[in-house]
Amino acid sequence: MEFGQVPKQIFTHPHPRRMTGPPPALSSLDVCWRGIENLAVSAELPCHKSAVTSLCLSPDGRLVASVSYDCTLKIHNTVSATRERSVSLSSLPLTAVMMLHEGATVLAASMDSTLIVYDVECGRIVESVRGHEDAVSCLAWIAPSLLLTGSWDCCVRVWRLRKPLTAIKPASDLIAQLDHDARITALATNRLYTLLATGTTEGDVFLWSLKSFSIVKNLPGHKESVNGIDFSPDGTRLVTCSDDRTLKVFDLCTGTVVFSKCLVQKLKCLVWDGKTLLVGGAQGNIYLWDLVNVNLVKEFQAHTGAVLCICASDDGGVVITGGEDKKVKIWR
């Protein structure tokens, strides 16, 4: 199937009536962050020499990995706020990071187009391979073996990796390439791993099938770069934020925008549980939104300069932010 074609059938249920009001309430099965409106800084880690570009928590929330324009990976204990690893992984800035295998393995992406596998326990790089023709900008992992990489070469690549991750072979491990017309800036998968959402520097937002690797929907995106994108836990909605200062919530059955808000600063990152949304801004603010009642709960200064990345534990008990001010902050 060629780029731009829509498969004959993706959804087996009729499309619901278009919604113009607030997003629908979520089911009791969805994750709920309790007490997140009371977040306060528990530790401040001045750990990098340049802007922090990406963060990732280990599944148990005990470790946080951060990467930076300073080309280094840092791993900290979120409980003791102590450093456990510090290593230079590349000669060019690092752009994205993920923790795999219960935190035992870190996968990082670089502006030199490489994917780097770091063994945390052994404290060494075990693989470095050129994954794209330009900078690798974002990553996603589908256990047990699928890796998705987005790049400035205007494509998303899907890889099927083998254990151990010490011999990535592009010729045999690359199983799909999803071409776009602009640089990829953000990507996310739903929890069933059936759908992929991608965002570009031109503001495009696409929904892809991870079964056929074809476009499901071209959503009404943004006017500038999409910097954050994520699915609700139940997979019915998608949230995005952009340099055009807007955040949007899409109903994925209809492909329509059910909520849109323009704020006063460019929006650089987001994380949500389907109900509560945290958005980081270019002027250092974090916005806390209740997307059930559609209201801004709280706005506070988190960093000096842009909040470039944010992540949270499943229960919302730990939130980590990284900024243009070179700092990583732990919030509880």
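Numbers run from 1 along the shown chain.
Including glycine, each Cβ sits where the backbone N, Cα and C put it.
Averaged across the domain 'BEACH' (1-18), pLDDT for the predicted model comes to 36. Look at TrEMBL and you will find 1-18 tagged as domain 'BEACH'.
For the repeat 'WD' (45-86), DSSP puts the residue distribution at 0 helix, 23 strand, 19 coil. TrEMBL lists 45-86 (among others) with the feature repeat 'WD'.
According to TrEMBL, the feature repeat 'WD' maps to 129-162 (among others). Here the repeat 'WD' (129-162) has long-range neighbours at 95-98, 100, 107, 109-115, 168, 170, 173-189, 193, 196, 198, 200, 208, 210, 213, meaning same-chain residues at least 6 beyond its ends whose C-beta is under 8 angstroms from one of its own.
Sorting each residue of the repeat 'WD' (177-218) by its DSSP state yields 0 helix, 24 strand, 18 coil. Feature annotation from TrEMBL assigns repeat 'WD' to 177-218 (among others).
Residue counts for the repeat 'WD' (219-260) under DSSP (helix as H, G, I; strand as E, B; rest coil) come to 0 helix, 24 strand, 18 coil. Feature annotation from TrEMBL assigns repeat 'WD' to 219-260 (among others).
Here TrEMBL flags 300-332 (among others) as repeat 'WD'. Sequence-distant contacts of the repeat 'WD' (300-332) (same chain, at least 6 residues past either end, Cβ-Cβ under 8 Å): 31-36, 39-57, 61, 64, 66, 68, 70, 74, 76, 78, 81, 266, 268-271, 273, 276, 278, 280-286, 288.
For the repeat 'WD' (45-86), the list of distant contacts is 92-99, 102-103, 106, 108, 110, 118, 120, 123, 305-306, 308-314, 317-318, 320-330: same-chain residues at least six beyond its ends, Cβ to Cβ under 8 Å. Note on the repeat 'WD' (177-218): residues 1, 3-7, 10, 134, 137-140, 142, 146, 148, 150-158, 224-231, 233, 235, 238, 240, 242, 244, 250, 252, 255 of its chain, located 6 or more positions outside it, place their CB under 8 angstroms from a CB of the stretch.
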